[in-house]
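Peer 1: Below you will find the structure I want to go over with you.
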Amino acid sequence: MQLYKDQTLRIHNSLTGKKDIFKPINEGHVGMYVCGPTVYSNVHLGNCRTFMSFDMIFRYFKHLGYKVRYVRNITDAGHLENDADEGEDKIAKKAKLEQIEPMEVVQRYTVDFHNTLQLFNLLPPSIEPTATGHIIEQIEIIKEILEKGLAYEANGSVYFDVIKFNKDHDYGKLSGRKLEDMITNTRELTAQDEKRNPQDFALWKKAEPQHIMRWPSPWGDGFPGWHLECTAMSTKYLGETFDIHGGGMDLKFPHHECEIAQAEASTGKSPVNYWMHANMLTLNGRKMSKSTDNNIYPAEIFSGDNNILSKPYTPAVVRFFMMQAHYTSILDLSDEALQASEKGYNRLMDALDSVDTLKTGATSDFDVAAWKQKCYDAMNDDFNTPILIAQLFEAVKHINLIKEDKETISAEDREVLAGSLKAFVYDVLGIENQSMTKDDSNTLNGVMELLIDIRNEARANKDFATSDKIRDQLVELGIQIKDGKDGTTFSVN
Ligand SMILES: [Zn+2]
C-alpha cells in the first residue's frame, strides 16, 4: 500500500535548520545512511537510543509503503582516539590491552552490538558494510580529491585541504561554524605537524611500524581516516546524492562536516538532501560517562544488576520509554521515569490484548477515522513519537470506556481501531507485547497453587518461618499473595 501518497511528511533538516517537506529523489524509494558504531567496547545505552530513533524512522517509511535501502556501517578501523587525527586507533588500542587480534575485538563487540539491538527489537539494516571491507573504494576517493587539488600528501599521509576547499565551497554549513572562527580558535601548528593548516583532516594516515591494522596504498602502507569510510560506503550503496543521512548529534562536527567536504570535493555534488541528528541520553540528570560511574549498560537494566535502578526493566519497557521523547530532544533516564513508562506500557498492552474482542454496537462514540489521522499527523511532523503515544493513550481511554459499557463502538470501527493501534505500536514504534503468553501463565498458576498449598500447610502447623519466607520472597519477585475469605489469591505487579 502506497500510504505515502496521502501523507505529507516533514523532517527537521540539520542542513537548512527547518522542517522540510520530504521529497525522495526516486518516487516510492528512500535511501538512508546512518553512522554505525565503532566496535571496540560494549554498545552504550546512548548509542542504542540513536539507533532506535533511526529504526523507528526506517519503520515509519516502510509503513508508509516506501521501499527503503537503509545502510548502517560498522567502523572496524580508522577511528582514532580524538578528532584531531591524533592518538591510537580505538580498536588497535583495545586489542593491545586485551592481547588479542584487532579483528577479535571487532568480532566480539559486533556480536554484542547485534545481540543488544535485537533485544531492543531493532530491524537489521538493508546493508551493514564495514570500513575494512571498503579500503579500495576509500583509496579511489582520495585519488579523486588529490586530482582535484583539494588534498596533499605529506610523509606517506594524505590530508584534506580545508582552506582551499572553502574558497569555492562552504565548510561549516552543516554545523553552523565559520572557518575564520575555527582558525582564530585553534592552536598554531608546530614544526612536527604534517598538516598545512590545523583544520585539515586526514584522508590517509601512514602506519608506523608497530601498527597492525595497515593496508598498501599509492602513498605507502597505512589506514584510512575515519570520515572517509562513510563517504565511500554511502556513495557506493546509495549514490552520489541520496535522501537521508543520520547520526548522533555529536557527529555533526567534524565527522559529518568532513563527509560533506569529501563528497563535494570528489564528485562536485552535494551528497545528502536531509541531514538528521538524534539527541543524547542522560542518566539522573547528568551526562553518562564510564569514568564517573554515572553509566549503565543495557544488560544491567534487563538483569537488575546495577546500583542505579530499583528493579529490572524489560527491553520493551526501555524502548517504550525512549519512544516517549522526541528523537531531537535530550532524554533523561531515571528509575522514576522507567517506572512510569512500565505502568504506561502495561496499560497499552492490556488495551491491545482486549481490542479485538471489544463488544460492538450499532454506532461509535469515538471518531476512529479522525483519531487515526491524528496518529499520522504526529508522525508526519518530524516523527513526533511523544504526540503519537499521547494519541495511542486517547484510544486506550476509549477502549476502557467501551469495556465498562460506558461507550460503544461499531464492528467496522473496531477493526480500524485494532488494525491502526497494532500498526503504530508494533510496526512503527517497534514495541513488542511481552506480556505473558498463555503457556507461561498456565505454568505460573500451577506453581503458585503449589506454593500457596505449602504455605497454608506451614501456617496450619504454626511454621510461620516457612510461611513468611514464601510470602516475602514472592514479594521480592513482584508477586503479592492476598488471604481472603474465599481462600488465597495472588497478583503479579
Ligand atoms: Zn559516519
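Heads up, the Cβ atoms here are built off N, Cα and C, so glycines get one too.
When I checked TrEMBL for this same protein, it listed these features:
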BINDING   Cys35, Cys230, His255, Glu259  Zn(2+) binding site
MOTIF     37-47  motif ''HIGH' region'
MOTIF     287-291  motif ''KMSKS' region'
BINDING   Lys290  ATP binding site
DOMAIN    374-440  domain 'Cysteinyl-tRNA synthetase class Ia DALR'
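Can you walk me through where each of these features ends up in the structure?
Peer 2: Annotation note: Glu259 (Zn(2+) binding site) sits in a helical segment as assigned by DSSP. The number of other CB atoms found within 10 A of the CB of Glu259 (Zn(2+) binding site), across every protein chain shown, is 26.
As a whole-number mean, the pLDDT of the motif ''HIGH' region' (37-47) in this prediction is 93.
Counted with DSSP, the motif ''KMSKS' region' (287-291) comes out as 2 helix, 2 strand, 1 coil.
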Peer 1: Could you check which of the binding-site residues Cys35, Cys230, Lys290 have their CB within less than 6 A of ligand 1?
Peer 2: Cys35, Cys230
Peer 1: Within 8 Å of the centroid of the Cβ atoms of Cys35, Cys230, His255, Glu259, which other residues of that chain place their own Cβ, given that this set defines the recorded Zn(2+) site?
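Peer 2: Counting only non-site residues, the set is Trp226, His227, Glu229, Thr231, His245, Gly247, Leu251, His256, Cys258.
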Peer 1: Per DSSP, what is the residue tally for the domain 'Cysteinyl-tRNA synthetase class Ia DALR' (374-440) in helix, strand and coil?
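Peer 2: Taking the domain 'Cysteinyl-tRNA synthetase class Ia DALR' (374-440) as a whole: 47 helix, 2 strand, 18 coil.
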Peer 1: Tell me the coarse DSSP state (helix, strand, coil) of Cys230 (Zn(2+) binding site).
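Peer 2: Going by the DSSP assignment, Cys230 (Zn(2+) binding site) falls within a helical segment, counted as helix.
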Peer 1: Count up the helix, strand and coil residues in the motif ''HIGH' region' (37-47) according to DSSP, in that order.
Peer 2: 3 helix, 1 strand, 7 coil
Peer 1: Since the record lists Cys35, Cys230 as binding-site residues, which of them has the fewest other Cβ atoms within 10 Å of its Cβ?
Peer 2: Cys35
Peer 1: Between His255 (Zn(2+) binding site) and Lys290 (ATP binding site), find the distance joining the two CA atoms and give it rounded to the nearest Å.
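Peer 2: About 23 Å separates the two Cα atoms.
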